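In what follows, a single structure is set out as structure tokens and then discussed.
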Amino acid sequence: MFSNIKDRIRLLFRKDRESYLRFYKMLGFYPKDISIYEQALLHKSLSVKSEKGRLLNNERLEFLGDAILDAVVADIVYKRFEGKREGFLTNTRSKIVQRETLNRLAIEIGLDKLIKYTARQSSHNSYMCGNAFEALVGAIYLDRGYRACKYFMEHRIIGPYINLEKISRKEVNFKSKLIEWSQKNRFEVTFELITQSHDQGYNPTFESEVLVEGISGGKGTGYSKKESQQMAARVALGKIKNDSGFIECIFAAKTARELPQEEVTVSDSKPSDSGAVTPDLSLEEIKKTDVVEQIISEAEEKAFKENA
């Protein structure tokens, strides 16, 4: 896909050619701007200041890579499984881009050995490798564009490390997915058993409810407590994706919980004002979600036009 002849010639005259070769072995092509890739490997615990005084780490690239990765995997899955319904495609994509899978892939390609971080941070962040993988995809997108991202995922990741047929048949663990989302975004999630009864055949049934920041995310029923929690988590994930009102409520609740205790005490002494809990922050977070969706849509549209 890529012509590396000119890049190889330039490489002979570079002092940092070892870094270029390291990324070439991982990506299958040479970086144009290696500094972007180096930033993708810089954890926030070792942030550095730019000439303009802005802190540099891989968080912004992780944000971008998360969106691009969703689009690329959706593109690949859509074309691989012709005739399959939207639900099947969504679930298959979710299994590939979930944090557990990304952590494993990062280790498989040796990305974990290149991440720069403090020793203390490594023991407290089990998602560091997966986050760096997303940041790497963001770096590829900025440096080489969407086609390079798709090439990387198809030929360097999915080909060697992921069996699409097998992973498409794997059952989705909605509860784990919700907990993973909550941990990454620092939301409090709890499951409560509401009722326990029997159906007409005297089989035990359970109804559970999931609460996100104390707000009901959904209810689910099943023939075991575990199954009812899975169904409730599935409803909550749907709300997180599609219900803007629910998103605004849980962001406001999270903001109120994270306020310093003295500020909460002062606000409690004043008359209540509906919707007055730091709306700027919640709107900022919501705008971030809108940007993600916009990037995904634009990237998918571009990909389908290029491959039409």
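The first residue you see is number 1, and the count goes up from there.
For all residues, glycine too, the Cβ spot is worked out from N, Cα and C.
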Q: Let me know which member of Glu59, Glu62, Glu192 Swiss-Prot also records as binding Mg(2+) at the site of Asn131, Glu134.
A: Glu62
Q) In Å, rounded, how far does the Cα of Glu62 (Mg(2+) binding site) sit from the Cα of Glu134 (active site)? A) 5
Q) Name the residues of the same chain, 6+ apart in sequence, whose Cβ is under 8 Å from the Cβ of Glu134 (active site)? A) Leu61, Glu62, Gly65, Asp66, Leu69, Leu102
Q) Within 8 Å of the Cβ centre of Glu62, Asn131, Glu134, which other residues of the chain have their Cβ, at the recorded Mg(2+) site? A) Asn58, Glu59, Leu61, Phe63, Gly65, Asp66, Gly130, Ala132, Phe133, Ala135, Gly138
Q: With DSSP as the yardstick, break the domain 'DRBM' (173-242) down into helix, strand and coil residue counts.
A: 30 helix, 27 strand, 13 coil
Q: Give the number of CB atoms, excluding that of Asn131 (Mg(2+) binding site) itself, located within 10 Å of its CB.
A: 26
